[in-house]
Every structure is written in C-alpha cells, then in structure tokens.
C-alpha cells in the first residue's frame with residue numbers, strides 16, 4: 001500500500017473524531033472564528049466586521065428618528081399645541097419660558113409677564129373734566145370734538161371695532177412723548193423726572209387694550225386700511241405738535257381720554273341693556289388685569305375705562321405743569337398710575 005493511500009484511509013477514520021462539534025473543547029469554541037482555520041476563518045470575521053460597519057449609520061439614523069418621535073409624542077401629550085421655542089446661541093442670553101402663576105400653572109404669555117399685571121382702580125372719578133380756559137386749551141378741546149363726529153358716523157354703535165380704532169390712536173402719544181423726552185434727555189445731559197417711563201407705560205397699556213379688543217371684535221379689511229391711514233396721519237401730526245408745544249399736545253391727549261371714557265360708558269350701557277352679548281372675557285384680559293376666571297366683557301370694558309381715566313389725569317397734569325412755566329422733569333412723574 002502506498003503512503004498516499006495510507007494517509008487517505010487514516011483521515012477517513014479519524015476525521016469524524018477530530019472535527020465533530022462534540023470533540024471541540026469549550027475553550028476552543030470560545031476562540032475567535034479567525035483561529036478555526038486559515039481558509040474559512042478570515043473571510044468569516046471580515047464579513048462580520050463589514051456587516052457591522054455598513055449597518056451602523058442606518059441603525060443610528062433609525063434610533064434618532066425613534067427618539068424624535070418619542071419626544072414629539074411626549075410634547076403632544078404634555079402641552080398639546082404648545083411649542084416651546086428655544087434659540088441656542090453663544091451670546092449667553094437666557095430664555096425663561098417656564099414662568100409660573102401663583103396657583104402653580106404655567107404662564108403662557110410672552111408679550112407681558114406676571115409682574116407687569118395689576119388690578120385696575122375702578123374707583124377713580126369718571127366725571128372729571130378740564131374746562132378749557134386759555135386759547136390753546138380751546139383749540140385742543142374743539143380739535144378733539146371735531147374728530148368725534150366722523151368716528152360716530154363711521155362706527156355707529158359698533159363699539160368693539162370703535163374701541164380698536166380708538167386704541168390704535170391712543171397708543172401713539174405716549175410713545176411719541178416718551179421718545180422726544182428721551183432724545184431731549186440725551187441732548188441736554190439731564191434727567192427726565194421719570195416722565196419717559198411714565199409715558200412709555202401709558203403707550204404699552206393702551207397697546208394691551210388693543211390686543212384685548214382684537215379678541216373681541218375682528219376688524220374688516222377696510223377698517224384695517226383706515227387704521228393704517230389714521231395712524232400715519234396722527235403720528236406725524238402729534239409729533240410736530242409735541243415739538244411745537246408739549247402743553248398743547250398733552251392737553252389734546254387729556255381730551256381724547258375724556259372722549260374714550262364717554263365711548264366706553266356707552267359701550268357698557270349697551271352691554272347692560274343686552275344690545276351687545278356679554279361674552280366671556282378674553283384670556284389675555286383675565287391675566288393682564290388679574291380678573292376672576294369667570295369675568296365677562298363687561299368687566300373688561302370697566303377696567304379699560306378706568307385706565308383711560310388715569311391717562312386723562314396724567315396728561316392734564318402734564319399740561320398743567322407746562323402751563324405754570326415749568327418742565328416735566330421738575331415734577332416727579334406718576335409712574336405706575338394706570
């Protein structure tokens with residue numbers, strides 16, 4: 001028998017013992033596939049490595065997509081349609097979007113904060129009127145009276161839309177006056193006696209009136225166009241008027257506020273008579289004036305009218321200061337008076 005035939009016979013009888021699974025020791029089974037044989041080990045390991053490396057980006061993308069879906073579902077469950085917008089920046093500006101009310105609920109307004117809210121003083125005298133004595137006062141008085149007639153004709157008794165128009169005009173004087181006093185303070189290196197802040201507070205308060213009545217009455221397209229026209233004319237006219245005579249400008253605003261009190265009083269009469277539906281108060285009004293949760297439109301009109309009475313007093317007072325030959329800075333401003 002040749003040596004080749006002897007080797008073949010030996011492998012045939014011993015192969016089953018050498019390469020069966022039962023003959024492999026636990027230590028050998030734990031070794032990497034690379035050590036199993038030079039022919040089959042290397043391709044097996046390389047195939048496993050190639051499979052792992054090629055599937056990792058897809059697995060990462062799938063994992064990220066799953067996390068995003070989980071976060072979206074959690075946000076929808078917690079806040080419904082609320083969307084927390086956080087801008088990441090290297091400027092280090094902190095966004096405190098988690099303000100809370102006194103009852104523990106989350107504060108949802110970004111246009112004003114809890115410490116800017118207040119309870120309106122509705123005990124103020126609504127009947128006070130400044131009798132025009134000087135020629136300048138009479139011009140201011142009849143200027144305002146002449147503006148009331150076209151307003152009555154246009155809006156009739158649609159007091160919701162009338163209030164919106166009124167507030168778009170009423171929010172201008174405080175901003176113009178505060179701006180001009182600010183520039184004057186910078187030019188002359190002098191303090192303002194707090195009047196810059198007082199007038200800007202007035203402008204912001206009037207703007208919040210507008211934001212409130214936007215929830216009550218939806219303006220039509222021609223009313224929006226009228227607002228743009230009136231604001232453009234009134235801003236420039238008041239700007240020039242304040243430059244020429246702050247005394248006259250503040251007196252005009254005082255009389256405008258008197259007319260506002262009259263308009264809101266008529267509004268309340270129609271609400272009480274049932275001619276206008278006394279709907280629930282807008283949520284923004286409830287939070288801004290700290291009204292009870294069951295407040296109605298009548299409550300909103302009442303506090304807005306009180307604000308207008310305070311603005312009336314402040315502007316007549318400012319005009320009186322000028323009438324006495326003094327500057328506003330010489331008398332402390334009634335900050336927070338509204």
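The backbone N, Cα and C atoms fix where each Cβ goes, and this holds for glycine too.
Taken from TrEMBL as is:
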- 167, 206, 209, 308: Fe cation 1 binding site (BINDING)
- 206, 257, 308, 311: Fe cation 2 binding site (BINDING)
Item to complete: Find the one among the binding-site residues 167, 206, 209, 308 whose C-alpha lies closest to that of residue 257 (Fe cation 2 binding site).
Response: 308
Practice prompt. Inside 10 Å of the Cβ of residue 311 (Fe cation 2 binding site), count up the other Cβ atoms and send me the figure.
Written response: 26
Worksheet item: What is the interatomic distance between the Cα atoms of residue 206 (Fe cation 1 binding site) and residue 311 (Fe cation 2 binding site), given in whole Å?
Response: 9
Item to complete: Any same-chain residues 6+ apart from residue 308 (Fe cation 1 binding site) with CB under 8 Å of its CB? Would you list them in sequence order, or say none?
Response: 170, 257, 260, 261, 264
Practice prompt. Might you list, by sequence position, any residue in that chain lying six or more from residue 167 (Fe cation 1 binding site) with a Cβ less than 8 Å away from its Cβ?
Written response: 206, 207, 209, 210, 213
